[in-house]
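Here's what TrEMBL has on this protein:
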type     : residues  : note
TRANSMEM : B:139-162 : transmembrane segment
TRANSMEM : B:168-186 : transmembrane segment
TRANSMEM : B:239-257 : transmembrane segment
TRANSMEM : B:294-318 : transmembrane segment
TRANSMEM : B:341-365 : transmembrane segment
TRANSMEM : B:386-414 : transmembrane segment
TRANSMEM : B:420-443 : transmembrane segment
SITE     : B:LYS483  : site 'Determinant of potassium independence'
TRANSMEM : B:488-506 : transmembrane segment
TRANSMEM : B:608-628 : transmembrane segment
TRANSMEM : B:634-652 : transmembrane segment
TRANSMEM : B:700-720 : transmembrane segment
TRANSMEM : B:726-746 : transmembrane segment
Number of protein chains: 2
Amino acid sequence: MLVELSTSSLVIAGVIAGIAVLALGVAVVLRRQVLAADEGSPRMQEIAQAIQEGASAYLNRQFRTLAIFVVVVCALLFLLPGDGGIKVGRAVAFVLGAGFSAAIGYLGMWLATRANLRVAASAQHPDGRREGARIAFRTGGVVGMCVVGLGLLGAAGVVLVFRGDAPAVLEGFGFGAALLAMFMRVGGGIFTKAADVGADLVGKVEQGIPEDDPRNAATIADNVGDNVGDCAGMAADLFESYAVTLVASLILGKAVFGEQGMIFPLIVAAIGAIVAVLGVAITRVKGDEDGLTAIYRGFYLSALAGVALAAVAAFVYLPSTFGAIDGVSAELLDHTGDPRVIAAAAVAIGVVLAGVILWLTGYFTGTTSKPTLHVASTSRTGAATVVLSGIGVGFESAVYTAGIIAAAICGVFLLAGGSVWLSLFLVALAGCGLLTTVGVIVAMDTFGPVSDNAQGIAEMSAEVSAEGAQILTDLDAAGNTTKAITKGIAIATAVLAATALFGSYADAVATSLQEITDSGTELAGGIVTSMLSYEIISPVTLVGVILGAATVFLFSGLAIDAVTRAAGAIVFEVRRQFREHPGIMTGEVRPEYGRVVDICTRDSLRELATPGLLAAFAPIAVGFGLGVGPLAGFLGGAIGAGVLMAVFLANAGGTWDNAKKIVEDGRYGGKGSEAHAAVVIGDTVGDPFKDTAGPAINPLIKVMNLVAVLIAPAVVHMSVPADANHVLRIGVASLAAAIAFGAVIASRVRAAKVDAENENRARVAAKAG
Amino acid sequence: MLVELSTSSLVIAGVIAGIAVLALGVAVVLRRQVLAADEGSPRMQEIAQAIQEGASAYLNRQFRTLAIFVVVVCALLFLLPGDGGIKVGRAVAFVLGAGFSAAIGYLGMWLATRANLRVAASAQHPDGRREGARIAFRTGGVVGMCVVGLGLLGAAGVVLVFRGDAPAVLEGFGFGAALLAMFMRVGGGIFTKAADVGADLVGKVEQGIPEDDPRNAATIADNVGDNVGDCAGMAADLFESYAVTLVASLILGKAVFGEQGMIFPLIVAAIGAIVAVLGVAITRVKGDEDGLTAIYRGFYLSALAGVALAAVAAFVYLPSTFGAIDGVSAELLDHTGDPRVIAAAAVAIGVVLAGVILWLTGYFTGTTSKPTLHVASTSRTGAATVVLSGIGVGFESAVYTAGIIAAAICGVFLLAGGSVWLSLFLVALAGCGLLTTVGVIVAMDTFGPVSDNAQGIAEMSAEVSAEGAQILTDLDAAGNTTKAITKGIAIATAVLAATALFGSYADAVATSLQEITDSGTELAGGIVTSMLSYEIISPVTLVGVILGAATVFLFSGLAIDAVTRAAGAIVFEVRRQFREHPGIMTGEVRPEYGRVVDICTRDSLRELATPGLLAAFAPIAVGFGLGVGPLAGFLGGAIGAGVLMAVFLANAGGTWDNAKKIVEDGRYGGKGSEAHAAVVIGDTVGDPFKDTAGPAINPLIKVMNLVAVLIAPAVVHMSVPADANHVLRIGVASLAAAIAFGAVIASRVRAAKVDAENENRARVAAKAG
């Protein structure tokens with residue numbers, strides 16, 4: 001039954017699997033190095049223990065909840081039409097993808113909650129600055145190598161087992177990875193920001209105590225959140241981007257270049273694994289430079305190496321004319337370009353895109369750049385102008401980022417000489433190029449929560465010297481910046497992956513239509529014909545665009561609302577503890593940290609279902625209800641609005657965060673001034689923007705595209721033939737719409753209940769006070 | 001040269017022109033009634049005089065600035081290809097459309113600045129509640145009748161003069177109206193919110209003095225702003241929606257139904273004029289009911305009458321089969337539906353849409369509905385949660401509104417039996433249906449600034465009794481609600497108009513392609529072919545979608561930034577006056593109101609150019625640079641992101657405004673509490689959202705669509721033939737991109753200068769303090 005591959009392709013896939021295993025081996029070595037470091041004082045260990053327990057408890061409960069989802073979706077996958085063997089393979093791959101995603105998230109959290117302590121302890125050492133940065137970055141390195149290793153292993157493994165059918169099976173792998181990552185992003189994002197916002201509102205704003213003060217009952221939850229949100233969520237997200245980009249590349253590569261098109265993206269990804277090892281190895285703080293300089297150097301050098309190696313690979317592996325490619329698609333037979341140059345250039349475009357976005361995000365959110373200085377300066381006229389100016393910066397930066405991504409796609413389109421299919425494959429290759437940097441990017445990102453936690457532990461233990469504290473503050477600041485700039489890259493990977501998946505969707509539709517025509521079945525006319533139209537001037541396709549953009553807005557709104565609600569519950573809890581135990585404020589009584597962790601856990605798990613169901617079922621409703629053309633419009637609208645919204649939310653949040661830092665460093669009156677109160681409000685608004693809603697949009701647009709790819713054959717078979725079962729089709733659409741809409745309504749009802757509870761709590765507090 | 005029309009069509013057009021004149025006559029009568037009312041005390045007259053002078057001065061300067069734009073654009077119109085006679089007609093129509101738009105804005109402002117005083121004075125009368133509402137609503141009635149009358153007169157007049165060529169000429173009329181309206185929306189919006197935010201920041205937040213306190217140097221500017229922004233801007237905007245919808249209807253009607261398709265939309269619009277008279281006449285406050293109840297009754301009754309009359313018109317004017325329509329497009333010849341039923345149903349869908357959106361907007365922003373109560377309740381945890389919950393409500397309401405509009409378009413699509421062209425015409429007809437309510441809508445909207453101003457005058461004059469003040473407060477609250485809900489309608493009209501224009505664009509492209517093919521010119525292949533693709537799966541078309549959505553984000557960001565900047569300048573000025581003249585605070589010295597008005601005027605005129613240039617030149621750059629397919633994607637992306645962003649901004653602002661009212665009415669501690677400070681910050685953030693950026697998106701998406709319609713033939717002729725001049729094409733695109741981008745850069749440079757100035761002012765203040 002299997003579509004066979006040539007021996008040379010299988011050998012290459014085997015070598016690539018070997019490289020993947022090597023990357024995992026490097027991860028094991030790095031992990032040992034991290035764990036070998038000094039574990040600090042008993043007090044520090046005690047605090048770290050509390051964070052570890054909270055984080056493990058949350059992720060374990062989260063995985064138990066998500067296991068149900070995975071089982072249900074796995075069952076639904078069998079309802080889709082298709083070959084039995086492929087269906088089983090796809091279901092297994094789905095579970096594997098979800099498992100890998102979860103494993104990487106768990107591993108990232110596990111190691112980060114052990115590294116935080118070691119970084120805090122290292123600050124006391126004579127060479128604390130370098131040592132701290134080394135441990136933090138190595139921790140990220142472990143996660144980065146695992147992302148690359150598992151992603152590559154999964155893809156190469158599926159190719160080795162399923163040969164030419166690998167793309168169809170890999171859809172399951174990508175979908176599993178994306179679905180899990182989306183839930184982890186949403187759940188972790190709600191957890192971390194509910195705790196952070198709640199802690200800030202009561203601690204900084206009401207009681208005037210510093211961040212991470214042990215008297216604040218929400219501090220442990222805040223630190224747990226860094227690990228389950230920023231660390232586990234981001235790792236799963238980037239793993240998913242990696243997997244999904246490979247999936248789209250293989251699907252499109254097979255359609256355009258045949259067998260070689262399937263293998264070349266794997267080679268590029270393997271190069272990514274090699275340069276990731278290089279990047280992590282060469283990232284060392286030299287002399288007096290700060291951690292950021294070393295990280296940037298590591299990034300740019302490894303990116304450069306990636307471009308060079310990919311070019312070599314293209315010239316070695318690909319022939320010099322399109323005609324010489326075995327299994328090239330018919331329309332490309334007389335393409336006059338050199339496929340080696342074109343493929344290498346596409347990969348290079350992806351890498352350059354990563355570099356430009358890194359710079360651009362840094363420009364808009366950095367503490368020394370004009371936009372952030374402007375936002376900080378508006379603190380003199382109060383919180384409202386801080387919020388407004390940050391929103392302005394967010395909108396503007398979103399436009400430039402989207403413009404750069406659009407320019408990259410146009411560049412690829414020119415490279416392809418205007419061939420739609422070739423250009424879609426090249427978009428996927430550019431995505432692979434961008435992802436050659438992913439190992440270093442994950443390492444950079446994990447740097448953030450680890451150093452943030454280290455500072456928290458130092459603060460709470462009150463056992464770190466002033467000098468050590470300064471080292472940790474500097475590391476934390478560098479971590480804030482790396483966290484902000486890697487978000488830009490994550491969004492860019494998401495857009496390229498989604499655009500490539502969009503192409504895979506069109507491929508799936510075309511294949512299904514061909515099957516129907518080949519079988520001699522007549523096609524229906526009338527409304528059905530226009531349901532097939534991808535043309536954006538068709539009103540229903542435009543409706544698709546509007547609905548796609550709307551889904552992004554709704555998803556963002558739900559995520560932000562969830563944080564506001566959960567944070568409100570935490571505020572009431574922390575206030576209650578202060579009120580009922582006056583000893584907490586004087587330091588005599590230890591607050592009940594666990595209760596806040598419990599509230600965060602409960603609320604985030606409760607809140608993640610609605611956005612998740614929306615993402616999974618909205619495309620089903622649109623596809624079956626309106627047709628394949630409107631579904632394409634839906635995906636296009638979601639990508640367009642998604643990239644802008646994601647960058648807007650991330651960068652507005654980033655600029656507020658750093659505007660706060662600027663004021664805290666002494667501008668406009670410094671800490672405690674009215675200007676400071678204003679920027680704290682801005683930062684609090686930005687928290688769910690940049691760490692909950694914004695990052696969750698990345699997996700969102702990919703999940704929706706993957707759902708579309710998966711259902712495309714069913715939609716075509718159920719709508720296009722003259723004898724199609726339209727009652728069933730409308731039934732499926734209505735059911736999906738009811739589930740998505742029902743989830744939103746349920747969330748509203750819950751919100752009303754929470755409002756009522758809060759009213760009640762406020763009444764109790766008023767009585768008690 | 002003219003394409004002739006039948007005598008019966010000309011007679012109908014003549015009758016319609018007569019109805020338009022009658023509507024203007026009604027406006028004259030109503031105006032006389034308003035001006036006949038009591039003018040109040042000399043102190044009130046003095047304040048009103050200051051507002052009148054400020055508003056006139058602003059609009060006069062604005063028109064002088066815009067006159068340059070109008071001349072330049074008029075010249076550019078001659079550069080487009082086409083028949084000479086039509087070009088002249090189009091240029092004249094362009095000037096006419098711009099002139100009408102300006103005239104309506106001016107008239108609205110003129111009358112509102114006279115009615116405000118009379119409403120304030122009427123509150124002292126024995127029957128003050130009813131009398132005040134009557135004057136305020138009649139004032140709106142004048143503007144509403146002028147919108148309807150001038151719009152209808154323009155369209156009917158062009159049909160009478162240019163006969164079958166009217167659609168091409170009307171493009172100019174619509175473009176003129178839309179361009180002017182956009183500038184008035186942006187300029188007026190910046191003026192009004194800079195003054196409002198500036199006044200609030202210093203007055204309410206810093207000095208703790210109430211709104212409209214005469215000691216605040218920004219109060220007069222704030223009241224001027226209500227008139228030039230909310231009143232003149234909105235009137236011009238709705239006039240433009242009216243004109244543009246008619247333009248699109250006539251273009252598509254001609255393409256689909258021939259001559260009858262051109263006349264039928266005019267008939268529907270004439271019905272709108274008749275029911276507007278009815279609506280204004282029957283809106284009277286009965287017994288003890290509040291103004292809002294009376295207004296809703298007037299709206300729903302006149303909407304119902306519109307549906308009924310339109311159905312009668314369809315059954316009288318249209319034949320019972322498509323085949324019987326003279327000049328029906330070939331693809332519709334064997335359509336089995338009844339055109340009378342289909343047309344009447346499309347109009348009804350538009351009217352129902354207006355009703356549903358009215359209700360929906362009221363639900364999300366009203367003072368007694370759950371979402372707003374929720375936002376108000378988050379004030380207990382501070383400003384950050386108020387901002388976040390308002391943003392959540394805004395996102396969510398945007399999704400429902402967009403969903404309802406999408407459902408309406410789908411309904412129309414089903415009516416059309418899936419025919420793309422027929423459904424586009426029906427979208428235009430639904431737009432005409434929606435606009436049958438426009439007379440009442442304008443009246444409702446104008447009610448807002450007039451009653452707002454009346455309260456301001458009463459407050460400043462301190463001559464109104466407590467009872468009278470309560471009447472004015474209630475009127476103001478009703479005005480706030482009408483202002484908020486009419487925004488929803490304005491957005492819906494904009495989306496339908498833009499969708500219809502989108503169809504006109506496709507028509508223009510198809511016509512030009514036909515011309516080229518007919519002339520025997522060969523078409524180019526390769527990249528050019530894909531430049532023609534409307535298919536959203538083509539990567540460049542998707543790039544168009546991304547860029548279209550990006551333009552909406554950039555435009556919104558620019559508008560919000562402009563307000564923040566201008567408000568900052570006002571804060572420094574008001575603070576300076578308080579500092580240098582301590583007598584202001586004690587009431588002994590009168591502040592220099594004029595200086596603040598001058599700053600607002602200068603800043604808004606300076607800031608309106610950038611968003612304006614962006615709107616006009618971005619589609620030119622995309623069209624000539626990437627092709628007609630990506631330009632379609634651009635328009636689709638702009639419509640999709642535009643509707644969501646516009647509703648989000650409007651409703652988030654609306655809910656914050658009313659959350660503030662809830663707290664001010666005594667909840668959560670009432671005025672002066674911490675909760676109040678939090679909602680004031682929310683309201684201030686919402687000000688530029690709901691009154692600057694949000695409403696300006698309506699004309700934006702129409703201007704961009706009209707630009708696309710106008711340049712479509714040039715783009716096709718310059719890119720598609722095998723011998724096309726690609727150097728010229730790329731040159732035009734680059735120039736347009738340079739202008740749009742240059743405007744943005746110029747605005748950044750100016751922003752940096754303003755930042756530097758503010759730093760300087762702050763330094764001076766610090767020295768002086």
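Each residue's number is its place along the chain shown, starting with 1.
Each residue, glycine too, has its Cβ placed from N, Cα and C.
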With the cut-off at Cβ under 8 Å and a gap of six or more residues from its ends, the chain residues touching the transmembrane segment (B:341-365) are 264, 268, 299-300, 303, 306-307, 310-311, 314-315, 318, 371-372, 393, 396-397, 400-401, 404-405, 408, 411-412, 415-416, 422, 426-427, 429-437, 441, 481, 484-485, 487-489, 491-492, 496, 650-651, 654-655, 657-658
If you count CB pairs under 8 A between the transmembrane segment (B:420-443) and each of B:139-162, B:239-257, B:386-414, B:700-720, B:726-746, the winner is B:239-257
Here the stretch out of B:139-162, B:168-186, B:488-506, B:634-652 with the most C-beta pairs under 8 Å to the transmembrane segment (B:700-720) is B:488-506
Taking contact to mean three or more C-beta pairs under 8 angstroms, with sequence separation of 6 or more, is the transmembrane segment (B:608-628) in contact with the transmembrane segment (B:168-186)?
yes
With the greatest number of Cβ pairs under 8 Å to the transmembrane segment (B:386-414), the stretch among B:139-162, B:294-318, B:634-652, B:726-746 is B:634-652
Long-range CB partners for the transmembrane segment (B:726-746) (under 8 A, at least six residues beyond its ends), listed in sequence order, are 554, 558, 609-610, 613-614, 617-618, 620-626, 715, 718-719
Comparing B:139-162, B:168-186, B:634-652 for Cβ pairs under 8 Å with the transmembrane segment (B:239-257), the winner is B:168-186
Note: in the chain of B:LYS483 (site 'Determinant of potassium independence'), residues six or more apart in sequence with C-beta under 8 angstroms of its C-beta are B:ASP230, B:ASP445, B:PHE447, B:GLY448, B:PRO449
Lying 6 or more residues past either end of the transmembrane segment (B:168-186) yet within Cβ distance under 8 Å of it, the residues of that chain are 62, 66, 69-70, 73, 77, 82, 86, 89-102, 105, 154-155, 158, 162, 232-234, 236-237, 239-240, 243-244, 246-248, 250-251, 504, 559, 607-608, 611-612, 615-616, 692, 695-696, 698-700, 702-703, 706-707, 709-710
